[in-house]
Amino acid sequence: MAKCRVRVSTGEACGAGTWDKVSVSIVGTHGESPLVPLDHLGKEFSAGAEEDFEVTLPQDVGTVLMLRVHKAPPEVSLPLMSFRSDAWFCRWFELEWLPGAALHFPCYQWLEGAGELVLREGAAKVSWQDHHPTLQDQRQKELESRQKMYSWKTYIEGWPRCLDHETVKDLDLNIKYSAMKNAKLFFKAHSAYTELKVKGLLDRTGLWRSLREMRRLFNFRKTPAAEYVFAHWQEDAFFASQFLNGINPVLIRRCHSLPNNFPVTDEMVAPVLGPGTSLQAELEKGSLFLVDHGILSGVHTNILNGKPQFSAAPMTLLHQSSGSGPLLPIAIQLKQTPGPDNPIFLPSDDTWDWLLAKTWVRNSEFYIHEAVTHLLHAHLIPEVFALATLRQLPRCHPLFKLLIPHIRYTLHINTLARELLVAPGKLIDKSTGLGTGGFSDLIKRNMEQLNYSVLCLPEDIRARGVEDIPGYYYRDDGMQIWGAIKSFVSEIVSIYYPSDTSVQDDQELQAWVREIFSEGFLGRESSGMPSLLDTREALVQYITMVIFTCSAKHAAVSSGQFDSCVWMPNLPPTMQLPPPTSKGQARPESFIATLPAVNSSSYHIIALWLLSAEPGDQRPLGHYPDEHFTEDAPRRSVAAFQRKLIQISKGIRERNRGLALPYTYLDPPLIENSVSI
């Protein structure tokens, strides 16, 4: 006979408790005990409860290997319960044979209906560390089960592959939004839709009467940053600053030679550059920068309210004056092929010509941001990381424990996006000039160009030559966060991988990397994505990239959407007239006629309001309430990571006090651990 204390912790979320009966059996090196019911007087397993149970085992099972948890309905059905599956969220189990000698079994899973969970003691183990056949068999069975539950599908040819579920109703509770998060998202969507519907804006297919009328819509859920955008959107300095610190801060690059198809001359830009210099001198000095939206050339366009929509493929040349002067646009060409019907617009042109040219650039920024930077890089690729993690890494694996907080809710939000945003006839088709067809074109085109280095911030900054451009807060804050993540990951890797050989010998890790390469990057070797990792250094870089992409990168390109776009002329989602082919034609009336119709603008506002802020149940970067790591060494690393993020946040907030428009999107407490909205 053997006696032990079993302590059980139930989650605090709404619906986490259960009326079902829970039993456990203990698996050890000498065998497995019979199922032992966990019950006492009163109700067990209420939400938020931690409960102790004294159990007696008929035999000694030897060294404990696993805990088998069994849940079944009560023998006597309770009123109103017989028609539903009673789910239970278990946080952890603890076994104590002697006082002070407890074994901890992390769980942090939902168990729906009648079923069974197998839990291992919390110490993380790489596959080559498991020598007992029972543990080896458990790892394999766990992965086989998850690979059946979470399978791949091709949603659109040429896109990264994704989860093979049609709707969020099909998802199991372990990858689904919490009840609170779901309710808040629904309330947000419903309130936004109702307000705009009552105002009649969703049914108006015509033009806005004036910018002043747009201003009245702008009163919808204002923010301080959005107010700043409204006040400064026409200014050249603000236009340029958005390439650095707006929602698409990843395109600008230093220009050392002008493209052949962008024939800017000294005469054109002399009024901006001033005396005593030239284009060639500024190119050699490194003070010119280029933003090229050429990927949009010839892209599919949409039809809205029965009218064809239009897109441009502009190139924008910007100049950084010496000293502390602002970055300014000095030339814009709206199409890729130069010619008499493709003028180069200049700041010295008529006010409305120049404003219209800048607005076409902003429309192109919107398309590339939403389709490529946001949807592809910050949603579809993180979904690949999430799905491969669930399919190839068992829960006891140190990299599963490290990554699971960073894939929370990603499969839910992406499944919801395929239902409500990118499906034919949904929000993207209702509000944007490219529609789902154009978005699909852009994603396919970028997938053919996408390189591993683009996903690694330090390499991307170097490749674009923007290491020293002043006022680039996305770079400054992002590099600090990248460094903090890399230091944290390096410590975790050093704990579990003593050598490069140990990385090479981890077959679960290698299967994970191969699956990301084959399913996410479609086996394209030119992407530079690894299909195997053979050193600790390569592993640290790869995991840092994954965590940064799922957290900071997503925050940088997602959190500011409402701020930047709610004043629609700053980032119009469509253009109703073609790009101008000559100068001197733009007027206030033609500017308004080019902008989106009222209903398209309004549907766009609904999408922005939904996608810009987390609807509750948030977990900021480095906040890990689910304690998957139980050993002292990784817990110390987590604490050090959290302290570093606090220091970074203090520095960002101190800097922001001196800025007219604070850059907050990479302040660590405002970064979500995962792609969850």
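Note that Cβ sites are derived from N, Cα and C of the backbone, with glycine treated the same way.
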Next item on the list: Could you look at ILE252, ILE648, ILE652, ILE677 and say which one Swiss-Prot places alongside HIS374, HIS379, HIS554 in the Fe cation site?
Entry: ILE677
Notebook entry, point to check: Whose Cβ, among the binding-site residues HIS40, HIS379, has more other Cβ atoms within 10 Å than any of the rest?
Noted result: HIS379
Next item on the list: Give the number of CB atoms, excluding that of GLY42 (Ca(2+) 2 binding site) itself, located within 10 Å of its CB.
Entry: 7
Next item on the list: List, in sequence order, the residues of the same chain other than GLY15, GLY17, ASP86, ALA87 whose Cβ lies within 8 Å of the centroid of the Cβ atoms of the recorded Ca(2+) 1 site.
Entry: ALA16, THR18, TRP19, TRP88, PHE89
Item checked: Cβ neighbours within the same chain of HIS554 (Fe cation binding site) - under 8 Å, at least six residues apart -> ALA378, HIS379, PRO382, GLU672, VAL675
Checklist line | In sequence order, the binding-site residues (GLY17, GLY42, ALA87) whose C-alpha falls within 10 A of HIS374 (Fe cation binding site) | finding: none
Margin query: As a test of the contact definition, list every same-chain residue at least 6 positions from ASP39 (Ca(2+) 2 binding site) whose Cβ is closer than 8 Å to its Cβ.
Written below: LYS21, PHE53
Next item on the list: Whole-number Å only: compute the distance from the Cα of ILE677 (Fe cation binding site) to the Cα of ALA87 (Ca(2+) 1 binding site).
Entry: 24
Check: Which of the three DSSP states, helix, strand or coil, fits ASP86 (Ca(2+) 1 binding site)?
Finding: coil
Note to self: By the count of other Cβ atoms within 10 Å, pick out the sparsest of the binding-site residues ALA87, ILE677.
What the structure shows: ALA87
